[in-house]
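Q: My questions will all concern the structure given below.
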Amino acid sequence: MGEFELIRRYFASGGPSREDIALGIGDDCALLRAPTDGQQLAVSIDTLVEGTHFLPGTRADYLAQRLIGAAVSDLAAMAARPAWFTLALTLPEADPHWLDLFSRALAERAAELDIVLVGGDTTRGPLTLSVQVHGWVTPERALKRSGARDGDLVLVSGTLGDSRGGLQTLLDDEPDQPSNAYLRRRFYRPEPRIGLAQALAPYANSGIDISDGLLADLGHIARSSGLGASVDPLLLPLSDELIASVGEDRARQWALSGGEDFELCLTAPADALTICLQLAAERGVRLTCVGHMQPGDDVLLQEDGVSVQLDRAGYDHFGETA
């Protein structure tokens, strides 16, 4: 099967379209219509490499769900509305079964996230998946890392550490019992908090998605905003499944540094807490205050104002990691 036949058969048809797509897959470029109401284009790219981000032999449909979910999470962190994406697919071989599983899962998940494939590229080589996502955001509502203010509360969505727990069950080849199945689903199927971010954007001052671990990503907000932060490990939102799998102590460590949860980490003024919690509850999403921003240049772990020591490492592709 040649490259163009591969694209035609698996990616060029069958998906939803949008009025702002003048020309999609099949030409040298996609042609896209920009809004005329002053919105800005938000763009991000994510790459998954076999052996670095996922285990060899991972099911193609799981990879598709993970790839698009992780990428759209970056749009959510900016409070952007997803619009389009492009896909670069490097394959060791053109396996029809693999491609069928991957393309079907990608199309289904993209439709759920309201984002449309408009182009891309394929080539032969070690299995590598890259997706670039595009969305639109109202400039004054964009949740930048640099907007946190002294005294802001640190809010996180969902539960943390589950993805790291799911990865561990795969590394240990544990039986697929209910708690493990939940954790693996959290690893393979990130849930971008698109609607929540847009609802909270009028009240939040900064935001990021938790891809490298809460401490590392909150550290990005702190440095970009010229502040420090304090996090209380006892306030971290943990799932019952993670605690059952690894115990509460390790669950807290992974909530801080496990990474790839793709939940939101936002900062907002204390007087916005009630409305933020209400908006999250209306959307069925757990929202937890885990700390606050403060003067300084580090993220401190404090329980009732007393400093504590836990594993603080987050993920860094080019550094020493947890």
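In case you wondered, yes, glycine gets a Cβ from its N, Cα and C as well.
Dumping what TrEMBL says about this protein:
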DOMAIN    26-137  domain 'PurM-like N-terminal'
BINDING   Asp28, Ser44, Asp74  Mg(2+) 4 binding site
BINDING   Asp28, Asp74, Asp209  Mg(2+) 3 binding site
BINDING   Asp46, Asp121  Mg(2+) 1 binding site
BINDING   Asp46, Asp74  Mg(2+) 2 binding site
BINDING   His53, Glu260, Tyr315  substrate binding site
BINDING   Gly120, Asp121, Arg145, Ser211  ATP binding site
DOMAIN    149-298  domain 'PurM-like C-terminal'
BINDING   Asp212  Mg(2+) 5 binding site
Q: Sorted by position, what residues of the same chain at least six away from Asp74 (Mg(2+) 4 binding site) have a C-beta under 8 A from it?
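A: Listed in sequence order: Ser44, Asp46, Val133, Asp209.
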Q: Counting distance between Cα atoms, which of the binding-site residues Asp28, His53, Glu260 is nearest Gly120 (ATP binding site)?
A: Asp28
Q: List every residue in the same chain as Asp121 (Mg(2+) 1 binding site), at least 6 positions away in sequence, whose Cβ is under 8 Å from its Cβ.
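A: Within the chain, Asp121 (Mg(2+) 1 binding site) has Cβ neighbours under 8 Å at Leu87, Ala88, Leu89.
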Q: Could you put numbers on the helix, strand and coil content of the domain 'PurM-like C-terminal' (149-298), residue by residue per DSSP?
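A: Counts, helix then strand then coil: 73 helix, 26 strand, 51 coil.
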Q: When secondary structure is assigned with DSSP, how many helix, strand and coil residues does the domain 'PurM-like N-terminal' (26-137) contain?
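A: Breakdown, helix to coil: 35 helix, 45 strand, 32 coil.
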Q: Cβ atoms within 10 Å, counted per site: which of Asp28, Asp46 has the most, among these binding-site residues?
A: Asp46
Q: Which number gives the other C-beta atoms within 10 angstroms of the C-beta of Glu260 (substrate binding site), all protein chains shown included?
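A: Taking all protein chains shown, Glu260 (substrate binding site) has 22 Cβ neighbours within 10 Å.
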Q: Among the binding-site residues listed here (Asp28, His53, Arg145, Glu260), which has the Cα closest to the Cα of the residue listed as 'Mg(2+) 5 binding site'?
A: Glu260
Q: Tell me the Cβ neighbour count for Arg145 (ATP binding site), meaning other Cβ atoms within 10 Å of its Cβ, over all protein chains shown.
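A: There are 20 of them.
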Q: Restricting to the binding-site residues Asp28, Arg145, Ser211, which ones have a CA within 10 Å of the CA of Glu260 (substrate binding site)?
A: Ser211
Q: Rounded to the nearest angstrom, how far is the Cα of Asp28 (Mg(2+) 4 binding site) from the Cα of Ser211 (ATP binding site)?
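A: Cα-Cα distance, Ser211 (ATP binding site) to Asp28 (Mg(2+) 4 binding site): 33 Å.
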Q: Determine, to the nearest whole angstrom, how far the Cα atom of His53 (substrate binding site) is from the Cα atom of Asp28 (Mg(2+) 4 binding site).
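A: His53 (substrate binding site) to Asp28 (Mg(2+) 4 binding site), Cα-Cα distance: 30 Å.
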Q: Could you round the CA separation between Arg145 (ATP binding site) and Asp28 (Mg(2+) 4 binding site) to a whole angstrom and send it over?
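A: Counting only the Cα atoms, the answer is 35 Å.
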Q: Within 10 Å of the Cβ of His53 (substrate binding site), how many other Cβ atoms can be counted across all chains shown?
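A: Taking all protein chains shown, His53 (substrate binding site) has 18 Cβ neighbours within 10 Å.
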